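**Q** Pulled from TrEMBL, these are the listed features:
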TRANSMEM  A:34-54  transmembrane segment
TRANSMEM  A:86-107  transmembrane segment
TRANSMEM  A:119-137  transmembrane segment
TRANSMEM  A:143-163  transmembrane segment
TRANSMEM  A:170-193  transmembrane segment
TRANSMEM  A:213-236  transmembrane segment
TRANSMEM  A:263-289  transmembrane segment
TRANSMEM  A:356-375  transmembrane segment
Amino acid sequence: MSAGPDLARRPLRRAEGRLPLRRGPISLVLRPRALIVAGILLAVICLLTVVALGSGTYRLAPAEVLEVLRGGGRPMDRTVVLQWRLPRAVAAVALGALLGISGGLFQTVTRNPLASPDILGLANGAFTGMLLTLVLVSSSWPLLSAGAVLGGAATALLIWALARTGGVQGFRLIVVGIGVSAMLASLNTWMLLQIELETAMFAAAWGAGTLNGLTAPPVIGAVLCAVPLLAVLAVLGPSLRQLDLGDDMAAASGVRPARVRSAALLIAVALVSLATAVIGPVSFIALAAPQIARRLARAPHLSPMLSGLTGAALLLLSDLVAEHLLPLLARTREAVAAALPALAAHLPAGPAPVPLPAGVVTVSVGGLYLVLTLIQEIRRRA
Amino acid sequence: MIPRHRRPLGAAALLLGVLIAVALSLALGANPLPLALMWDTLQGGGTAESQFVLGTRGPRTLAGILAGACLGVAGALMQAFTRNPLADPGILGVNAGAAFAVALGVALLGLDHVSAMVWPAFGGALAVTVAVYLIGSSGRGAADPVRLTLAGVALGAVLSGVTTGLTLSNPEAFDAMRGWHAGSLLGRGGEVLLGVLPFALIGLIVAALLAPGLNAIALGEDVARAQGADVRLIRLGVVVAVTLLAGSATAIAGPISFIGLMVPHAARWVFGTDQRVILPVSAVLAPLIVLVSDVLGRLLIAPAEVPVGIVTAFVGAPVLVLLARRRRARGLGALR
């Protein structure tokens, strides 16, 4: 194109709410609103982390938690915060971020705001792999993780291969994904029916996605594996944004759409597999985080950074609720029974005060979010 | 698509297929009956053992026919209504609502038999669909299919999360629900079927009345209005019929996947796009597939059984994948 170099030298039109920065061959577009949103999200994450580190049967005030994090505090406080609760909070932040980023990639590649890793059957595939490992091999943590990753990867490959005739199209990918996922979901239901009740409940909690009983080593492993993937993603970023223009336009600007899309999808699958290996298939974070982030920042495209921060905040909050909801309910019930003995006999027994899987909360909250968005949209139109 | 003059032949083949499926469903299982003995027993003779076997397989076969017909017609209505060939009756939140109510019933009231779960399932399905309709149709304009679908998916997600939480904190509820979720025709007594039957029949009648209007809607809503169809009324009718039909099916058998999705497809593929043909064909083809899947489930790992809902997923999913792989899948292109 003869107009190419000329076009590049012309200053870009300054759209509202963004500051183009250029120095030599490097150019950046800064969006102040996105930066502010990122700052707020970070603050929320810090706040929630302090709350998470302080709550439980052994309670700590925020000041005590901060004292421990600064290196002081009583020995007991240090053990509780640093050894018991910190791995879980870090896992929620780190893996929530991975899920958010991965979801954003899926939605960019398929250009479908409702796409999530689930369209590749990853959740169901990982659960199938985990169940098969549990039934046939052993119930040790690393092996279950490996089984889940293998199951997820095999499913993704299968769907990829089935959807591949004549280039992967977003639409065909989704339909094939629905079909294979449904089949695997049935297989999982079937396997859950075949095993002992206690084992099945353990498996089902994992299948919903849970941070209960998490230890530090798998979290550290997952984060270490994610770093190089995120580095590749950072390099890929600009070409990925070109895809939003449509394949022809993207190709005209020097991007190879098919290649970029495959690479992005591969990274997305890898990121979600890492998260799934550690905490099981937590649903809705990957679906909702990029869209919430986009709304907050009012940005035209999905930003991986904001998707990641939103995902981290969402998972942290969901896990906080999941861990403490039922124990809190039981404590409230006891308090009421103690205060009003006459009423005690009439109170319903209530569910056992066990920590729930975080996935239970994410799916409910995600659904609620969808309902609310829908009502809001209807109001706006009315 | 078969030519118009061969359609009676196609219909006859379908009916014959259903008859064969019914016979297979009565004859085969862990304790197979020879055809002659089965015929004897049906007429009041036979041995005590054969009478007992037919006494359990009879209601089971009827349950398969009823649930199948309901699902097939509900699926056809849903696909015509949303003009989305991948729409499934479960989209309106029927399954999630039924599952939630059953889980509540088991956890709070201690229900322990499938017959006792029928009415909570039906009530849950009904309540959730009404809620979905209210959310989807609030504000200006009638309930448009996209909004209804989103509302159904969203509410379904909320309920499924709560259901999972409920079952994971209550082992008995978990045990009951893992069986219910698979979708099965086993142990549904005759009185249960009779109780659900009126609702299913009303649903079928409403569906039959809707067929011409659905043909008009297929051309686009403006054209339908120009032809004198009352789009609002048709939409309401579809929601009522789908609720009754899918609710009945789910109450009887639990969530049976893919029947509502695949059967109308097959009907369209063979008999064309006239809803007045698709609805009855779906009503016959769906029971055929449910019964065959149920029989397969009994034979696959005999003497144990695979629940029918799991078999239908394994029959239906490959068909869906094949459809998606065809270059210009008929009708699927509408989604792009």
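Think of each number as a place in line: the chain as shown, counted from 1.
Glycine is treated like the rest: Cβ placed from N, Cα and C.
In TrEMBL, annotation is done automatically, which means it is predicted and not curated.
A quick note: this is a predicted structure, and the numbers were derived from the prediction, not measured.
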**Q** Based on Cβ pairs under 8 Å, which of the stretches A:34-54, A:170-193, A:213-236, A:263-289 lies most in contact with the transmembrane segment (A:86-107)?
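**A** Per the Cβ count, the answer is A:263-289.
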**Q** Select the range from A:34-54, A:119-137, A:143-163, A:170-193, A:356-375 that forms the most Cβ-Cβ pairs under 8 Å with the transmembrane segment (A:263-289).
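**A** The stretch with the most contacts is A:356-375.
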**Q** Counting only residues 6 or more past its boundaries, what in the same chain has a CB within less than 8 Å of a CB in the transmembrane segment (A:143-163)?
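**A** Non-local partners: 120-130, 132-134, 137, 169, 172-173, 176-177, 180, 184, 206, 218, 269, 272-273, 276-278, 280.
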